[in-house]
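Undergrad: Structure incoming, see below.
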Amino acid sequence: MALLILLFLLPSPLHSQHTCSISKVTSLLEVNCENKKLTALPADLPADTGILHLGENQLGTFSTASLVHFTHLTYLYLDRCELTSLQTNGKLIKLENLDLSHNNLKSLPSLGWALPALTTLDVSFNKLGSLSPGVLDGLSQLQELYLQNNDLKSLPPGLLLPTTKLKKLNLANNKLRELPSGLLDGLEDLDTLYLQRNWLRTIPKGFFGTLLLPFVFLHANSWYCDCEILYFRHWLQENANNVYLWKQGVDVKDTTPNVASVRCANLDNAPVYSYPGKGCPTSSGDTDYDDYDDIPDVPATRTEVKFSTNTKVHTTHWSLLAAAPSTSQDSQMISLPPTHKPTKKQSTFIHTQSPGFTTLPETMESNPTFYSLKLNTVLIPSPTTLEPTSTQATPEPNIQPMLTTSTLTTPEHSTTPVPTTTILTTPEHSTIPVPTTAILTTPKPSTIPVPTTATLTTLEPSTTPVPTTATLTTPEPSTTLVPTTATLTTPEHSTTPVPTTATLTTPEHSTTPVPTTATLTTPEPSTTLTNLVSTISPVLTTTLTTPESTPIETILEQFFTTELTLLPTLESTTTIIPEQNSFLNLPEVALVSSDTSESSPFLNSDFCCFLPLGFYVLGLLWLLFASVVLILLLTWTWHVTPHSLDMEQSAALATSTHTTSLEVQRARQVTMPRAWLLFLQGSLPTFRSSLFLWVRPNGRVGPLVAGRRPSALSQGRGQDLLGTVGIRYSGHSL
């Protein structure tokens with residue numbers, strides 16, 4: 001009997017219960033088999049399982065082939081299952097989350113083929129010593145990778161190249177000593193990087209690239225601060241608000257930045273970002289970023305002109321205009337140097353003294369000032385008589401001129417030097433330091449056959465002035481400064497010295513000015529004025545003043561480069577023209593602007609000054625006109641308004657003859673004489689009032705108390721005059 005009772009109490013095999021709990025989470029079926037002491041996958045799992053928990057069991061090994069028939073499986077948790085190996089011989093096409101944490105895995109197989117849709121992979125707290133280079137191949141959808149708390153000592157190059165959508169990378173608590181330089185290449189979506197608690201000593205140059213990492217954890221490493229850490233130091237300085245100190249159980253978004261947590265292990269835990277880097281090279285190879293603050297100063301360069309006394313031809317090219325045609329065979333260069341500030345230099349000259357000439361000091365100061373201006377100016381002062389027996393001042397061979405604008409050809413037996421002139425100084429009978437770097441040379445008669453592209457004009461001695469295209473002032477004899485780029489030719493037996501660009505030689509007793517635009521004058525052996533003007537006027541501005549006993553300073557703005565050879569160079573471009581026994585005084589120089597500026601009155605400075613004044617006067621006139629109009633309008637309105645008011649009052653009186661307003665006092669009787677209403681030609685006006693009957697609380701109506709009576713007109717005939725009758729209670733109204 002007892003045995004029958006025991007058999008009845010035993011559970012029937014037909015009614016076996018499930019070992020795992022099943023629940024529905026959203027649209028996925030969740031099966032929880034945690035801590036069931038399982039050694040293999042349960043056989044009674046639902047086929048539509050979407051979330052499977054197998055943690056805290058003793059599985060040992062696991063193969064993805066056992067889950068192939070679970071086509072809806074999306075989340076798989078295998079944490080704390082004492083796994084030592086993982087086999088990926090089955091394809092789980094929908095699996096997105098795989099948790100393999102807290103196991104004994106020492107290696108990982110390739111996961112790309114078996115898990116193509118994987119987005120989160122957690123292999124933390126295992127015993128991984130290394131990773132194969134292709135372990136993540138095929139995981140193009142991976143967004144989170146957790147590898148913390150392993151034994152990783154190094155990472156293969158290109159490990160993360162397949163995972164271009166990676167957002168979180170956790171490599172904390174490993175034994176990493178170094179990182180591959182291109183580890184983060186292509187990870188544009190990466191926002192959180194955990195590298196704390198490793199054995200890192202430095203970060204390779206360019207490791208972070210152009211990534212904007214909002215959350216980075218770098219503390220508790222063996223950072224060694226030397227010259228190799230300068231890149232990492234600069235990155236910390238630039239991203240100080242993105243470096244955090246990790247705290248267990250605290251979300252990264254709840255922590256505060258702490259860049260000082262990254263410390264140097266060899267400098268008493270000093271912050272890496274404050275490492276001074278003394279003695280380290282500062283070459284561009286030390287940094288992998290663009291430093292826009294350290295802009296090196298560009299050294300200013302100056303254009304130098306060299307020319308020689310041999311028979312070769314040299315050509316000068318203006319930087320802003322085309323050079324004149326010439327037969328030059330030398331190389332040509334065009335240079336635009338920057339504008340220089342005024343400089344003061346000294347040049348030493350060796351001079352010889354001739355009888356009757358004023359002695360110049362050996363040391364002369366030159367203050368050339370260069371500015372960026374464009375001018376079309378021709379300087380034409382009066383001619384100056386120059387004897388052919390002048391004394392040459394020979395400069396020493398280490399001074400370079402800054403300007404030259406001529407092309408000069410000298411045959412072998414010629415003694416004509418090539419001076420360049422831009423500044424003219426004519427002090428009177430005294431020894432004055434003159435700003436100069438050029439020399440006036442009185443050549444001997446020579447024959448210089450040189451082809452030229454300018455117009456050749458032969459002028460006989462005369463006193464007839466030739467028309468010019470600029471304002472010409474002919475004061476007392478002086479020296480002419482004419483820039484030119486034409487080729488100079490002096491005929492045979494000429495007694496006229498050959499000037500270049502700015503020196504004009506005029507024989508005695510010649511008063512004939514020479515045209516100053518595109519004209520080359522070649523005199524015969526006579527006392528005729530010789531002048532050279534380029535066929536192409538260079539853009540030049542020259543300001544020339546001649547105070548007594550004061551050097552004349554000329555401000556020039558023209559940049560060009562000329563290649564010449566074998567002649568001592570000059571620093572400035574000034575010509576000193578002596579006269580026998582005295583210096584000629586230059587009282588006046590005509591400064592002629594271009595024809596365009598003369599013909600246009602709007603370019604005149606006086607006109608520009610009067611233009612605002614004119615607009616101001618017009619504005620005042622307009623204001624005055626508007627005020628007068630306003631005054632007239634107000635005056636007209638003042639006269640018109642009274643008439644309008646009279647008309648309105650008349651209309652009101654006409655209307656009032658047919659309207660009467662009566663005020664009746666509230667009393668028992670109102671006496672109204674009929675004579676008051678005789679002027680009304682019609683029926684009597686009707687009155688309408690309201691009568692309120694007050695009802696006492698006891699229900700009685702009336703009699704009416706004092707102060708609550710109907711109007712006087714309603715007594716006796718009130719039934720015809722009353723409009724509406726309202727009934728009110730003592731307490732409230734209906």
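Even glycines carry a Cβ here, placed using N, Cα and C.
According to Swiss-Prot, the feature O-linked glycosylation site maps to T301, T311, T316, T348, T377, T384, T385, T512, T546, T562, S572, T573 (among others). Positions annotated as repeat 'LRR 1' by Swiss-Prot: 48-69. Summarising the annotation, Swiss-Prot assigns repeat 'LRR 2' to 72-93. Taken from Swiss-Prot, the feature repeat 'LRR 5' covers 141-162. Feature annotation from Swiss-Prot assigns topological domain 'Cytoplasmic' to 634-734; the stated evidence is sequence analysis.
Could you give the neighbours, burial and distances for every feature on this list?
TA: For the repeat 'LRR 1' (48-69), the list of distant contacts is 25, 27-41, 75-92, 99, 114-115: same-chain residues at least six beyond its ends, Cβ to Cβ under 8 Å.
Mean pLDDT across the repeat 'LRR 2' (72-93) comes to 95 in this model.
Panel annotation: around the repeat 'LRR 5' (141-162), residues 96, 101, 112, 116-133, 135, 168-180, 182-187, 189, 194 of the same chain, lying at least six beyond its termini, place a Cβ under 8 Å from a Cβ of the stretch.
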